[in-house]
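As recorded in Swiss-Prot:
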- 43-63: transmembrane segment (TRANSMEM)
- 66-86: transmembrane segment (TRANSMEM)
- 112-132: transmembrane segment (TRANSMEM)
- 144-164: transmembrane segment (TRANSMEM)
- 184-204: transmembrane segment (TRANSMEM)
- 219-239: transmembrane segment (TRANSMEM)
- 270-290: transmembrane segment (TRANSMEM)
- 314-334: transmembrane segment (TRANSMEM)
- 367-387: transmembrane segment (TRANSMEM)
- 393-413: transmembrane segment (TRANSMEM)
- 436-456: transmembrane segment (TRANSMEM)
- 467-487: transmembrane segment (TRANSMEM)
């Protein structure tokens with residue numbers, strides 16, 4: 001094992017050295033990414049990017065906490081919020097497709113300080129999330145190989161993810177396409193088997209009516225509250241986490257071959273498929289598994305996944321191993337997407353002067369290679385979990401908890417300003433290549449809901465023995481304002497008047 005690991009390390013060092021040399025010889029004149037993502041890549045990245053551990057593992061906790069219909073209500077509410085956010089992002093992304101996405105939009109349509117803070121917030125979010133996912137990869141593989149040190153699996157996963165992102169954006173898109181296809185296939189298979197079980201064709205008799213109505217007619221804890229973690233409000237956070245990653249669609253617009261066609265196509269079809277997948281999956285779980293079933297609680301492994309429970313009840317004895325492989329696919333996909341998103345955000349910040357210019361350099365394949373190395377350096381935090389164990393892993397998860405919601409808030413504010421500026425400058429809204437739904441109601445509702453969910457992230461963590469975890473989680477909020485105010489005072493920026501907003505369609 002020591003010899004093979006040494007060989008792997010040497011190969012990685014040689015690979016990195018070659019890429020750095022290649023980058024140095026080509027990047028002096030290259031500062032552009034390449035539009036190589038096809039429509040099918042964009043659609044599948046948007047679809048598969050949100051189907052992951054949130055659905056496969058934590059959905060059981062949501063059903064147990066809020067009840068069958070409470071869980072469905074929570075996912076519908078969050079789904080509606082995300083729908084409005086993504087149509088807002090879709091309108092801006094088709095008008096100005098850029099790798100900086102909402103960071104660029106915040107800079108152009110709100111205030112350069114706002115875009116600066118959004119960009120660094122999002123880069124940090126995904127860079128840390130990559131470290132979390134690499135740790136999760138090790139946990140998945142230890143399901144089969146419990147005696148092998150975890151850091152070896154994390155290292156192998158890091159090398160794979162780094163290599164995919166270092167080759168070309170087309171390689172990234174193709175990899176995500178097939179990883180997403182695996183997840184979608186499992187969900188479709190789950191729904192087919194689930195409904196066959198509900199109708200009594202497989203798995204024997206199931207008392208669906210009882211499972212769905214027990215305990216306050218399917219609502220446990222009623223409306224609930226953010227602080228107690230019960231009821232519908234108490235699970236909105238978990239439901240929100242499940243949908244995080246949908247905003248990746250905006251970042252892929254910067255490298256899509258034909259964003260004016262591929263982005264609207266993805267927006268018009270993908271969101272509803274995601275929502276249907278989630279709602280139908282939650283319904284099947286709740287119909288087959290009583291919310292009082294202890295197996296639904298604390299689902300942090302494939303063996304406790306609601307998918308595993310359903311598969312086992314219809315006779316799939318190796319369901320746990322199958323679902324562990326699927327979860328492994330999900331976390332590798334998440335790490336891959338996270339590496340891509342954070343690299344492109346750092347690249348975009350550098351292009352706009354918000355980060356050192358060296359991060360804007362690209363290889364001949366259009367890869368922001370120095371930005372990729374910087375993101376990989378942060379991802380190395382995963383190896384500290386081998387030293388400090390579960391406690392450090394928990395802190396990493398907490399650190400990335402709020403940043404995704406802050407990005408959503410930024411999308412809503414940026415779009416509201418974009419549309420108002422568009423009208424203020426006498427432009428015809430009908431000529432926009434894509435229209436967000438129900439403006440201004442949509443972004444305003446999404447903004448209010450996102451702020452409520454963000455501020456309601458289990459504030460009780462700040463008290464008692466969990467105060468460190470609470471402080472780390474809520475640190476994202478003051479960090480955002482430090483970045484925002486620091487840039488604002490240094491560069492004397494102000495809220496851009498609507499008639500002075502830059503509505504040109506050429507970014508680079």
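Here, residue 1 is simply the first one shown, and the rest follow in order.
For all residues, glycine too, the Cβ spot is worked out from N, Cα and C.
These figures come from a predicted structure and were not determined experimentally.
The stretch from 43-63, 112-132, 314-334, 436-456, 467-487 that makes the most Cβ contacts under 8 Å with the transmembrane segment (144-164) is 314-334. Proximity of the transmembrane segment (43-63) to the transmembrane segment (184-204) is established through 3 or more Cβ-Cβ distances under 8 Å for residue pairs spaced 6 or more apart. Of the candidate ranges 184-204, 270-290, 314-334, 436-456, 467-487, 270-290 has the most C-beta pairs within less than 8 angstroms of the transmembrane segment (66-86). Looking at which of 184-204, 270-290, 367-387, 436-456 has the most CB pairs under 8 Å to the transmembrane segment (314-334), the answer is the stretch 184-204. Tertiary proximity for the transmembrane segment (270-290) is limited to same-chain residues at least six positions away from its ends with a CB under 8 Å from its CB atoms, namely 43, 46-47, 50-51, 55, 59-60, 62-63, 68-69, 71-72, 75-76, 79, 82-83, 86, 184, 187, 190-191, 194-195, 197-198, 203, 206, 208, 210-212, 214, 218, 242-243, 246, 249, 296, 306, 309-310, 313. The list of residues near the transmembrane segment (367-387) in space but at least 6 beyond its ends in sequence, with Cβ under 8 angstroms from a Cβ of it, reads 16, 19-20, 23, 27, 33, 123-124, 126-128, 130-132, 134-135, 149-151, 154-155, 158, 162, 165-169, 335, 339, 342-344, 346-347, 350, 358-361, 393, 396.
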